Amino acid sequence: MSSTETSPLLSNSSLYEVTKPAPTDHNCSPDLLAERPEQGSSFAAYAVVVCIVAGSGTLGLPYALKLGGWIGVGVLVLSLLMSVYTAVLLVRCLYYDGVHRLSSYQEVGRHAFGKVGLWTVWFFYATTVIGGSVMFLILAGTGLKPMFTLDISARSWIWICAIIVAVPFVLIKTMKEAAITSVLGALATVVLVVVAVRGSILDLDNPVYADVNHSLVIFSHLPTAVASISICFGGNVIYVHVEESMRRLCTCTIFYLAVAIPCYMAYGDLAESPIFNNLPKDGFRTIGTIFIIAHVLLTAPLLLTLFALEIERLADITVCSRGLVMERVYRTVLRLVMVGFCACIACTVPYFGDFLSLLGALSQCTLIFVLPVVFYAKLFGWRQMRWFELVWCATIVVIGIVSAVIGSIDAIQALKDDFENDPTAI
């Protein structure tokens, strides 16, 4: 029986120390697709991904088609293929030594490029999680304001939503405890899709949108469109520990196509983000808005919990090291600070559509398309790949880099215009 040296990436005694495993026998062939007992049920994991990724991604897709044109539908399918492929590469990286499984994306970066890889992943990971939570607070706060006649600003509604999010976020200690929340959020996503499709079909004959324009391709904004679409497939890098969910992205893609195509047909260059702003002002839109708010208020605690668990592990906030009372105190303070930080950003940048584009360009394109390919090449070597795999990987990296750079520039410019043209939006 072969032995393996430990790899205490997150231990107190040797933070992020990497040691190579001892040689193992050739009979060791881990099943990369096998579920692990500690990861929870496959359905619960799948519900978490649908809850977090599908809802926010769906609401911004018609706007992405507005930016890039009908070619965005092809980009959506291409993004699916690329994200599934890079997800497979990333899972292989988790088992690269053939002995034990790395526990996080950050560890993959550390094993590939040392501290540079580690902190690179940490930066984009933190940007994704915090940015996603900010996006949810913006969506909930600005959605609640028109529903009430109270003289309360959208900024105040964002803080109210932050308080609502803070309650389950502080109470939920681990992801296993969030299973019910994730299932409810996933069901809310299904309702959002139904309401959006129904509303867009009704508006196909609406004279208000009779003269909207549709473009086949808009090259100047195509990178930004790719960046926005990349949000749709962000779950397969945030949840590298949920390998089962990576094999079910087609379900989310069906949601995306069902919303993107009819909504862009109906609203064309007038499509907004979130798309609910375009839908007919009737009872279904009200129901949809309520479900949007419910969706984001259920989803934000899940997304923040993922990040909080990493921070708590780094800071060694455990019952064993801190004691039962102080562990609770440290964890509560940390999580309240995180929610407050997200709320402050949400009040400062209250523009959902352009913030979504910036988030997709800055972090998602890099995490989804670029880093998995680079890490795989470093850990396994380019020579392990056939020529057509090399061409495919190079294509993915180029698309990811171009979309990240140009998409970020366009999104920042759009946010600048938002502030200049509407400085008192909230």
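Cβ atoms here come from the backbone N, Cα and C positions, even for glycine.
The domain 'Amino acid transporter transmembrane' feature in TrEMBL is assigned to 39-412.
Taken from TrEMBL, the feature transmembrane segment covers 43-64 (among others).
Per TrEMBL, the feature transmembrane segment maps to 70-95 (among others).
Annotation comment: TrEMBL describes 116-140 (among others) as transmembrane segment.
Sequence annotations record features per position, and here TrEMBL assigns transmembrane segment to 152-172 (among others).
Residues annotated as transmembrane segment in TrEMBL: 179-201 (among others).
Positions annotated as transmembrane segment by TrEMBL: 221-242 (among others).
Here TrEMBL flags 249-267 (among others) as transmembrane segment.
Residues or ranges marked as transmembrane segment in TrEMBL: 287-311 (among others).
Taken from TrEMBL, the feature transmembrane segment applies to 332-352 (among others). With a cut-off of 8 Å between Cβ atoms, the residues of this chain six or more beyond the transmembrane segment (332-352) that come close are 60, 130, 133-135, 137-139, 141-142, 154-155, 158-159, 161-162, 165-166, 169-170, 273-274, 300, 304, 307-308, 311-312, 315, 317, 414-415, 418, 425-426.
Annotation comment: TrEMBL describes 358-377 (among others) as transmembrane segment. Counting only same-chain residues 6+ beyond the ends of the transmembrane segment (358-377), those with a CB under 8 A from a CB of the stretch are 82-83, 86-87, 89-90, 92-93, 105, 108-109, 112-113, 117, 120-121, 124-125, 127-128, 131-132, 135, 223-224, 226-231, 233-234, 236-237, 385, 393, 396-397, 399-401, 403-408, 410-412, 415.
The feature transmembrane segment is assigned by TrEMBL to 389-409 (among others).
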Next on the checklist: Counting only residues 6 or more past its boundaries, what in the same chain has a CB within less than 8 Å of a CB in the transmembrane segment (116-140)?
Outcome noted: 16, 52, 56, 59, 105-110, 157-158, 161-162, 165, 234, 237-238, 274, 292-293, 296-297, 299-300, 303-304, 306-307, 310, 338, 341-343, 345-346, 349-352, 355-356, 358-359, 362-364, 366-367, 371, 375
